Amino acid sequence: GDWLESRVKDDHEKQQQDSHVGGKDENIDRGNWTNKREYMLSMIGYAVGLGNVWRFPYLAYKNGGGAFLIPYVIMLAVAGIPLFFLESSFGQFCSQGPVNVWRALPVFQGVGVAMVLVSTLVGIYYNVIIAYSLYYMFASFQSPLPWSDCFYWSNSNCSLTPRGTYCLAVRWPISLSIPSLVALQRSSGLDETGPVVWHLALCLLLGWLLIAAALYKGIKSSGKVVYFTATFPYVVLLILLIRGVTLEGARDGIEFYIGSQSNLTKLGEAEVWRDAATQIFYSLSVAWGGVTALSSYNKFHNNVFKDALTVCLTNCGTSVFAGFAIFSILGHMAHVYGKPVSEVAQAGFGLAFIAYPDALSKLPISPLWSILFFFMLLTLGLDSQFAGIEVISTCLQDAFPERFKSKRSIISVGTCAILFLLGLPCVTQAGIYWVTLMDQFCAGFVLLIAALLELVGVFYFYGGNRFIKDIEMMIGTRSSLFWLWWRACWFFITPAVITVILVWSLLTFRPPSYGTVQYPAWGVALGWCMIAFCLIWIPLIAIWKILCAQGNPWQRMCAVCSPVEIWGPYLEVHRGERYADGQRYYRENSLHLPDNNVYHISNHLTRL
């Protein structure tokens, strides 16, 4: 009785100290989402990012307009949703991040480490794009817009007429494929680093301060911020769409995007299907670790299937919707220049920081539209960054629970500070080259390999039937017909799609370039080293796990290919008979119980 009273008192004191834990949380060790809305908004904000705005519309018109929706929807069904459902179920079932979920299969734990490293590297340069958005947003608070004419700071490179294959949208002294030289002060190549561009460094610092503030209390604080950051982009897109369709030439832009100019013959080209699969894969942010990390804070019996379906459909619907807002205004821009829409449409940086800002500068009250647009890019980027940093914090907390449990704010702030310092080379005069290099290498092959190994590990080693039973422990029993589709995807279709994308990407690889600037050989080699740095941990950790196991070689292999004793639902009340052995392991080894609130302690004592 005294022990239980002391334990309960300690629990109440711990809850007061741990700002990431709420009084109504089911799991008071790790905390839970305050409510379902915050989780869904966070997941939608994570999935819906800059690629939905600056990549999908371009791919659609490039690959047959409306016809592109056919392979896009098919790839969503056979690759996107199955992977998203897998990762969110995996994290929710055991309430662990992308590294500790591999207690289910220790030999594959390096896959989780690779995901964390990718999220870290991407977080370094992704925040630089947020810094660009901040700088352009601040620059928009003036009339006329700085890129609307050749002003006193321009030189002979500045032009008021279209150049090359598309318009010279930002009329500062620039290269056609980048934001303005005034913003970047771009050097001649990766070999010429140059000094830090101070205004971009300040914007980068501000971006990290915003992220650190939002993540100060973990999901308890970021869950409040996403009420605004996850919904505001939809408001802006709707405003831009309403304004865009009233402009002269808007119809041409929409027709070019997804209207009557759709080309069904494009469906016979293999590249169209590859582009659809690649866009689905990256836009849903699978294999980054974020889906697993965010889902790990769900309550155990949350309907993870319904949530995964909702997030995936919302993400893809947003891509299509954003295309109408983008191309209606690009159509007006093409009308003003007297050019075809194809000559003003671009992807990536070119769309976000050249073509679209130039189109907005042609509108009445252009500073207002520009501010809204770049603020939208800012919120889209912040949402994705929240989850990316949460991956790192969650893995540190799971790896050292007793040391970091009450230090969540320190972890978040410290992580942001370190990544800010690592990102300073990306805001030098050669910064845009580093951003492009990291984007092309870090967010490519590693994700494909990690996703493929994730599928192989869970369904061929851990066991597909076992994993399905795990899911049914959370969402209830489903019919065999329901699981027939998911079995087909998880065991065969999805791995085959990823394998084809991976092989094709390797066969069609071309050395990266930035506009007309070619990367030096050492830069390309460095890119491959980034990939190797992320992937090398997969075999190293597998070997280390085998060496640490006991018995003969066969026994060691069997041990590392089987779940550890403590694998299963985090709380005892959810473990049931299937995972009761894990609780006996806790008792026999005097380990800290994973469920330490009054109800679960009382239940445990009753069972004893």
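Just so you know, glycine gets a Cβ as well, placed from its N, Cα and C.
Per TrEMBL, the features are:
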type	residues	note
BINDING	G45, A47, V48, N52, S283, N315, L380, D383, S384	Na(+) binding site
DISULFID	C150-C158	disulfide bond
REGION	1-27	region 'Disordered'
TRANSMEM	39-56	transmembrane segment
TRANSMEM	68-86	transmembrane segment
TRANSMEM	107-138	transmembrane segment
TRANSMEM	196-216	transmembrane segment
TRANSMEM	225-242	transmembrane segment
TRANSMEM	280-297	transmembrane segment
TRANSMEM	309-330	transmembrane segment
TRANSMEM	368-389	transmembrane segment
TRANSMEM	410-435	transmembrane segment
TRANSMEM	441-463	transmembrane segment
TRANSMEM	484-507	transmembrane segment
TRANSMEM	519-547	transmembrane segment
* Cβ neighbours of S283 (Na(+) binding site) where a neighbour is any other Cβ within 10 Å -> 24
* **Chain residues in Cβ proximity to the transmembrane segment (280-297) (below 8 Å; excluding those fewer than six residues from its ends, i.e. six or more beyond)** => 27, 30-33, 39, 42-43, 46-49, 51-52, 55-56, 72, 75-76, 79-80, 83-84, 87-92, 94-98, 101, 112, 115-116, 118-119, 122, 219, 304, 311-312, 315-316, 319, 384, 387-388, 390-391, 394-395, 443, 447-448, 450-451, 454, 498, 501
* Cβ-centroid neighbourhood (8 Å) of the Na(+) site, G45, A47, V48, N52, S283, N315, L380, D383, S384 excluded -> I44, Y46, G49, L50, G51, S285, T318
* Structure fact -> Quick tally over 39-56, 68-86, 107-138, 484-507 of CB pairs under 8 Å to the transmembrane segment (368-389) gives the top stretch as 107-138
* **Spatial neighbours of the transmembrane segment (225-242) far in sequence, C-beta under 8 Å, 6+ residues away** => 37-38, 41-42, 44-45, 48, 214, 318, 321-322, 324-325, 328-329, 369, 372-373, 375-376, 379-380, 382-383, 386
* What stretch in 107-138, 196-216, 309-330, 441-463, 484-507 has the biggest tally of Cβ pairs under 8 Å against the transmembrane segment (39-56)? -> 309-330
* Under 8 Å by Cβ from L380 (Na(+) binding site), same chain, sequence gap 6 or more -> V48, G49, L50, N52, V53, P233
* the transmembrane segment (68-86) touching the transmembrane segment (309-330) per 3+ Cβ pairs under 8 Å rule -> yes
* To do: Select the range from 68-86, 410-435, 441-463, 484-507 that forms the most Cβ-Cβ pairs under 8 Å with the transmembrane segment (519-547).
  => 441-463
* Around G45 (Na(+) binding site), how many other CB atoms lie within 10 A of its CB? -> 26
